[in-house]
Amino acid sequence: MPWDPIKLNDGSAIPSIGFGTWRLGNGDKPTDEVEQALSLGFSHIDTAQAYQNETEAGKAIRESGLAREDVYITTKYSGLNKKDIEDSIKDSLKNLGVGYVDLYLIHHPRLAVPDIRTAWEQFEGLQGAGLSKSIGVSNFGVEELKALLATAKVKPAVNQIMLHPYVYAKQKPILEYAKKHGIVIEAYSTLIPLTVLPGGPVDKPLKKIAEAKGVATEQVLLAWAKAKGAVVLTMSSKKDRLERYLEAGDVELSEEDIEAIDEAGARGALHFRFKVFGKRLALAAALGALALGFSFISGVDLVSTFNLV
């Protein structure tokens, strides 16, 4: 299963497939699922302050019996509980039960307070102190990366972004800029065309390629992200799916295969944007209704307070 490690610009290497804990919540579920992933051969666990399951992930890692150096741990500064960067990483290390993480990310450019330059200087300090071997960012666009690199002493090792065929054209400038500056892209939500938007234009080439190669469509999609040079982050509670994800490292796509997926993704991009907009509109409406109801009961003007209209 050649999910070979990818060399980072600081000289270290990152496993090219990782198990993510986003949406797993807390309690026994994330512990059990991280344990399962590790037992099947995943060696890269991705979590974050905001996921609130670092403790559970850490428990699973310790109970796996694997040596600390055999598990690559990523977590992120999410600004949780309004704690600063240094206190946050110390909390994360305590939660995970480790002395260092392999990769620490700024979860979103909005969290780089008071500004990107200052926040990144603090990240460089964490790396210098040995609290994280590598440092990077998440959800940064080209302009944010430019602002960071303008003053950085240490380049970010990675930029973790959403990457699937329906957003590829939009994200392509980020991939190109990152490649130019030696920043590795980590891809999350790669399977969205199958899990959230089935029936879209990408289905046809995925099915055709999968049938020709005798593999599953999700394996083709992961192989597509791999072909873009990205570290792939994925998750599932199903053992057989995780096994297929690992086996996807063996799937080789031709240039024609990749182009067919890219073209279908471009055709479906507008559909994806409308789908996302519709969900956000529905969420805003639900929150607005909740606020109005609470306002009526309590007399508090939550609609104005939270700028829901």
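Numbers here mean position along the shown chain, with the first residue as 1.
Every residue, even glycine, has its Cβ placed from backbone N, Cα and C.
For Y51, the entry in TrEMBL reads active site, proton donor. Non-local contacts of Y51 (active site, proton donor) by the CB criterion (under 8 A, 6+ apart in sequence, same chain) comprise T21, W22, R23, L24.
Non-local neighbourhood of K76 (site 'Lowers pKa of active site Tyr'): T47, A48, Q49, A50, Y104, L105, I106, H107, S138, each in the same chain, at least six residues away, with C-beta under 8 Å from its C-beta. Here TrEMBL flags K76 as site 'Lowers pKa of active site Tyr'.
Here TrEMBL flags H107 as substrate binding site.
TrEMBL lists 281-300 with the feature transmembrane segment.
Packing around H107 (substrate binding site) is summarised by its Cβ count: 21 other Cβ atoms lie within 10 angstroms of its Cβ, all protein chains included.
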